[in-house]
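Colleague: Can you read through this structure? Questions will come right after.
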């Protein structure tokens, strides 16, 4: 195994040269391992949390029977059964001061083995007037142990005061559903005229009884009950029920895992580019050594074997490092979220798969360079030239293939945007698929063609650097001397930056387009109407108006109404608004609103000038109409109606009598933190005790914004790994070229170049590489983001795509690329400038 | 930088006093230069000759500010190099020293013209076109300035290096085996150019070589062996030089004809 010995010797001799490969592989493998580990552990913990309601029971029973009250006694009569407790579930609303919340209610058994949660502080309730709140709800209501809150009883009547006697421990884990929960004694569920009924029971057995042996007897007992409907697994051991709860999340977990692995694969792809480039450079540098090996009788087979072995060893070193880092990362993340408490779940198969992937990708990426090494002629060992000039002739084949790819991509993109699925009868996804095809084709064209345009781009970007004198000129010259190498380095960066910016721009464009549409159709930010009352509490109006971010408030008349438009009966709100005062809340003044007209939103089949009957209605608790007053109006179309019907205050007074102020319009400063504004408003309206309905746009806008922002943030964080790897590539290319340029650096030092100037030269080179890679990436990303969002809008039949770039995020990516590239030049710069001119000149 | 007026012009371009350079320590210690004291007069062509390993290159590197010395003193145009930090030393190399090496003299990424003006540009000084023409003209490089080193012959590359070394009007032009990588005819031309610099421009040249024929172009030849100067010859013929060299490789030849004190005299 001469090749193995040589490989090992090579690795021992120059460990640093391959450090970048190890780091790049390690990052992608760590990413994969951590993705799987974190998702599995989090979902495992979430499943455990779901199973928590079964507490320490022995069996879980689910059954539908005619009279649920019979289930308890029937089960308890089976020999071996100790305790049977119904697992009630109910809902309620809570209020404390001006804060309110909807919550589900869980029963707290007297039996200590059936406690549904862990208590953080206080004690469990013993009377229906006592409750325990989950930590999140207690925080939202700003109450603690000992506080009084108001809570709707099980029969849905008026809110009654209850005492908070305990708060549960905070929920652990990312996936744990923090739905507001109140824990109450079983008596709460049956109090008053409650019609709640249980469909699930927990069973405790006599000590020493095997739960499995009681499954059949319990099922028999249930079947004997009138109207019994038992599904498969009606009686399960708690262990089985808990496992089922964990499994119920497995689908979500695998979707998330696949998503994360896609990002990890992107990181690995970028890593592969770096590995391929590193090996290509190494083979050039070892040219003479390889030739010498051939000259003394090494066969190409031995040579190839040695190099493949070397890449496999490096890949393995990187992958194992990555495995260790990935496991540590998983531990750290799940410890932070609290999920680690329920155990680390990292399937061995996935971990080993990630390691294998790391090794295989490294070897595959090195093959091109290995092939080139094997073709080095023995005679080259004797040639004195230190570095061969890289081939400047760039294949015509490359130019042709890349042009074809670009043309094909452009055609596909045109088709994606030009196609109208509704008129052609094609499936709605076709434009999106075409856009993806266009994206792939254009990406391959742009990346594959990099050697054709990176050189001129580097020269262009180097123009300002030239102003710095000889140092700047020499950096540009060094970069363009090896266009393939510079191109490969830039391609990795383009890919990573491009993907990140594609996502950011796509999300920003989608957001801008959808929000623009929402704001156009629902121009009123917040439009509240009380369903039950004729006026809003003046105190509430005052508090809502003074919420930070609310710039204007307009009390309006409001009532539930019925209106037939375009042959369709609609239930909506009728607002009596003064058009002049309403104008301040709308982008355009309300046209022609007077005592005889009704303003409605434009829509399919809705015509202006139509005679329509608007009926104001009141309902009782059962939903029966208790009063109904109609009037006839002529329709006027304006988005200002925001999906409702606007009539003049006079017309409203004629129909419903004067003095109605059941509605309130609010205008919100668009620059305010709209999420906080929305939360504040919701908290006030939920806590008001009335039944307030909001038909404004703010909530929806907040929903979209939050969802897309979160998505982009997560995606950017995940792609950061790819960007990081590509920047390691920049540092690596510089480091390897510094090795190559040792004599050159020495000559420069001998001729009077200061150390700092030498470092500046490398800094400029790193920045130029980063600028070209990142700028091409940003431009391509903007285009692809726009293309993807546009195709998506075609699918959603949404017109008027508004191109938007998320500047802070995109410039952030650019800045990170430049700063990191500058940092990447530090070590090579130190290395280059530390060498004494004499030793460097003597070095062959 | 041209010699500053405050510097006393004692006719000495470079001087070493008991210069010692030691590589390594303990058992691997090598005394590359051992207490050498020499003076190089302004406007002269001096050659340092010796076998490989005699310390001639190290002596030159120390005198040119390329390498740090272990003991003694080095003066360049009256300036003590031992007292300078790396930055100042680099500036000295840039402004007051010119180099011509055996090979790899030029930066492959720059054109011949850019290579020639590089030290001036590094110093942030303007290039005087007349001065440039005056330097490249006699060297026959006028039509080669736009070429890259890879497009030039070995002799042309060496002439570009000489032009670069001359352009800053250095106190001393150091040439390290300038003919080593050239065929004899081209080597001859390069030596002729160096000679011309001394005769026409009063440029001080210090050349290191192991080639007796090359050394015979010099006004004065110092022969080195085992880190010491063992011979100091005025305008020697090649035959005489070969004889001197032959004496020095004899066993026990250390010390040679002259003692250090006599050399400095």
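Cβ coordinates come from backbone N, Cα and C, glycine included.
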Colleague: Labelled transmembrane segment by TrEMBL, one stretch among A:486-503, A:504-521, A:522-539. Can you tell me which?
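Modeller: Among A:486-503, A:504-521, A:522-539, the range TrEMBL annotates as transmembrane segment is A:486-503.
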Colleague: Run through the domain 'ABC3 transporter permease C-terminal' (A:262-377) and tell me, per DSSP, how many residues are helix, strand and coil.
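Modeller: Its residues divide into 102 helix, 0 strand, 14 coil.
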Colleague: Ranking A:258-284, A:395-419, A:431-454, A:807-827 by Cβ pairs under 8 Å to the transmembrane segment (A:711-739), which is first?
Modeller: A:258-284
Colleague: So what's near the transmembrane segment (A:395-419) in sequence-distant terms, Cβ-Cβ under 8 Å and 6+ beyond its ends?
Modeller: 426, 430-432, 434-435, 437-442, 444-446, 448-449, 451-452, 787, 790-791, 794
Colleague: Taking the transmembrane segment (A:258-284) as the first stretch and the transmembrane segment (A:486-503) as the second, find out whether 3 or more Cβ pairs fall under 8 Å, excluding pairs closer than 6 in sequence.
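Modeller: Judged by the Cβ rule, the two regions touch, with the required three close pairs present.
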Colleague: Across the domain 'ABC3 transporter permease C-terminal' (A:718-837), what is the average pLDDT of the model, as a whole number?
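Modeller: The average pLDDT of the model in the domain 'ABC3 transporter permease C-terminal' (A:718-837) works out to 85.
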Colleague: With Cβ distances under 8 Å as the criterion, find the stretch in A:348-374, A:486-503, A:760-787 that has the most pairs with the transmembrane segment (A:807-827).
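Modeller: Answer, by Cβ pair count: A:760-787.
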Colleague: Would you mind splitting the region 'Disordered' (A:89-124) into helix, strand and coil residue counts from DSSP?
Modeller: 3 helix, 20 strand, 13 coil
